[in-house]
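Asker: Before anything else, here's the structure in question.
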């Protein structure tokens, strides 16, 4: 059931990102729809766990799910609640975005109940999200922003960077990546020090 809910969220998330993906070079697609990718990772992580997969790839998938759902669940909740202008989207959608993403953040901790994190998986998974932050906020590779489009960042129809709102959004993303990295290392360390 939880796998199906996450995959449905993934489908809706990709649908939500269609306007931005239409204007994004194909090469950058893996770093733009971050929330639907996180729910896809957790759906696949749950499926891998239920099917008994325990190899290195499964461990990386578990870390991607944990970090992605924690980071983007909290990021979206914070950004939609305190930075984005709620009047720019319909109230039901604004509420849905906040509550569904906070649910993602809570769900992230489910992963630590069934999955084991190796140090190499933590390094790969966290490294992916650090790379994502770099391309989203600090090193634009192609024209246009790669981070989620936000109405609060629009100036004359274009995403304005830098701006105080952009700096808050970027700081929130980087801070949450650091938090998720610390918690991932904590989960790895808990496995390493626990008696079998």
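Residue numbers in this text run from 1 along the chain shown.
Yeah, the Cβs are placed from backbone N, Cα and C, and that goes for glycine too.
As listed in TrEMBL for this protein:
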{"type": "TRANSMEM", "residues": "26-48", "note": "transmembrane segment"}
{"type": "TRANSMEM", "residues": "60-79", "note": "transmembrane segment"}
{"type": "TRANSMEM", "residues": "91-110", "note": "transmembrane segment"}
{"type": "TRANSMEM", "residues": "117-135", "note": "transmembrane segment"}
{"type": "TRANSMEM", "residues": "168-188", "note": "transmembrane segment"}
Asker: Six or more residues beyond either end and a Cβ under 8 Å away: which residues meet both conditions relative to the transmembrane segment (168-188)?
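Answerer: Distal contacts: 63, 66-67, 70-71, 74-75, 78-79, 83, 112, 117-119, 121-122, 125-126, 129-130, 133, 136-138, 147, 150, 153.
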Asker: Based on Cβ pairs under 8 Å, which of the stretches 26-48, 60-79, 91-110 lies most in contact with the transmembrane segment (117-135)?
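Answerer: Most Cβ pairs under 8 Å with the transmembrane segment (117-135) come from 60-79.
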Asker: Residues sitting near the transmembrane segment (91-110): Cβ under 8 Å, six or more positions beyond its termini, same chain?
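Answerer: Long-range Cβ neighbours of the transmembrane segment (91-110): 2, 6, 9, 35, 38-39, 42, 65-70, 72-77, 80-81.
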